[in-house]
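What TrEMBL says about this protein:
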COMPBIAS  1-13  compositional bias 'Basic residues'
REGION    1-24  region 'Disordered'
COMPBIAS  14-24  compositional bias 'Basic and acidic residues'
BINDING   Q280, Y311, E331, D375  S-adenosyl-L-methionine binding site
ACT_SITE  C401  active site, nucleophile
Amino acid sequence: MSRRPERGRHSRPRRETAPLDQTPRRYRIDALGSSGDGIGCLLDSEADASPVFIPFTAPGDEVLARMVSTDRAIVEELLVPAPERVTPPCDLFGVCGGCALQHLSPAWILEWKKSEIATGFLKAGVTDLPEIRAFQTPPATRRRADLAARRTHNGVTLGLHQRGGAVIDLTECALLHPAIVSLLPALRGMLERLDLFRREADLLVNLLDSGPDLLLASDGVPSTADRTKLADFCRSHGISGLAWKPKESLDKSETLVRLAPATVAFGDVRVEPPPGAFLQASREGEGAIRDAVIEALPPSPGRKSKIIELYAGCGTLTFPLSAHARVEAFEGHPDAVQALSRAAVGQRIDVSLRDLNRQPVEAKTLSTALAVVLDPPHAGAGLQMTQILDGKPAALIYVSCNPRILFRDTALLLKAGYRVDSVMVIDQFLWSAETEVVCRFSRKRQRT
Ligand SMILES: C[S@@+](CC[C@H](N)C(=O)[O-])C[C@H]1O[C@@H](n2cnc3c(N)ncnc32)[C@H](O)[C@@H]1O
């Protein structure tokens, strides 16, 4: 009879891993990786060593750094600073999880993002890449803040998650709109007095045309006293409304305070977005994306032509698009669809609630559109992309917040007979490595 190993049938023999050598070593930074960390090369070693990722460094830096995992190190000392280095505008830089690149100038970052996008397209197989145009949002314009709150012995910490999880108190911010930054001390004071906030909460602030609108998710339940305190708080700080839901819950939120309609204008149409609705990060970024999409539209041959818009949200692009052709807009979030449908009454817009991952718009429908406008979430368009590749609409205007997925889809579109005919890089996530791209694909002319 065979003996069962003592640690159980499924356990693998423990692999002996060498302990991490944490001796500080000298590195030269050669480039930035796609997440914005410097790629460091050992200077004091004869042997070929794998490059390591070192956050908050710039190409040209020489640093003394200590390994913290098998491929990451942290700076102990900046030995030789790169000429491109600038003084970070925020004292919390390096501690707060919001920015990765404040040690580099916005102009340098924009050029870096452009070259990353160009390289990605080339690797995807684009041989005739058009000139990449670019736009960058100014500091202090971010109108959407996704904050975390923790109750501590010293009061309430309210800010962003640091890499690794801790919440850093946001005492200043060069990114957020000043109307949000100036609200933070009052928000801390308010949270401290609430029964619905025991230890942890998430607070989403959307700065709308009607003022800030809040969505709070917390680990307690609202008491009667909470409702009164929150109404007083909103009244005295010009907050149009506050909705609440249990933390981590996917349920619909409950409106605890509504003092005025929450409104935002897309073009000249006023929309009432639901609590916590997706909005482009800044008004300026939204404008650049909208303009790039409209510019990429093919000329409309007549009133009957239609644009199919996938992942329409509350209508950021829908209303401007409807000035050019009839729009069939698809979106998966019921509350966004409701907001969009209400505002679209009487316009050349048809709105459909559709989970495009489960029930994509079919190839046949897509093939008849003047253009398909696609603005998927970070995870990409999944099954919907397959239908696009089958339907082969004449023009595809692709808005992407995830270049990695965009390049993967580009390779598929090239195989399906498309070419890239315009690219606009929009740096609406200033001082981060994130990039938004608007590009137009069109079918190459078929030989007759
Ligand atoms: C990047 S946002 C773009 C929204 C809009 N175009 C805008 O600019 O405001 C992506 C949108 O896709 C929606 N979405 C995410 N997954 C979806 C799915 N499986 N089916 C349909 N819509 C989805 C989200 O609700 C969100 O509104």
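Cβ coordinates come from backbone N, Cα and C, glycine included.
Structure with TrEMBL features highlighted.
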residue	record	DSSP (3 states)
Q280	S-adenosyl-L-methionine binding site	coil
Y311	S-adenosyl-L-methionine binding site	coil
E331	S-adenosyl-L-methionine binding site	strand
D375	S-adenosyl-L-methionine binding site	coil
C401	active site, nucleophile	coil
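Comparing Q280 (S-adenosyl-L-methionine binding site) with C401 (active site, nucleophile), their Cα atoms are 10 Å apart once rounded.
All protein chains shown were included, and the count of other CB atoms within 10 Å of the CB of Y311 (S-adenosyl-L-methionine binding site) stands at 22. Highlighted in sequence order, F278, E309, A312, G313, T316, L317, P376, P377, V399 have their Cβ within 8 Å of the centre of the Cβ atoms of Q280, Y311, E331, D375, the residues recorded for S-adenosyl-L-methionine, and are not part of that set. Residue pair D375 (S-adenosyl-L-methionine binding site) / C401 (active site, nucleophile) shows a Cα separation of 8 Å. Annotation for E331 (S-adenosyl-L-methionine binding site): same-chain Cβ neighbours under 8 Å, separated by at least 6 residues, are Y311, A312, G313, V337, L340, V351, S352, L353, R354. If you compare every pair of Cα atoms in Q280, Y311, E331, D375, the residues listed for S-adenosyl-L-methionine, the longest distance is 16 angstrom. Within the same chain, residues at least six positions away from C401 (active site, nucleophile) with a Cβ under 8 Å of its Cβ are P377, H378, E434, T435, E436.
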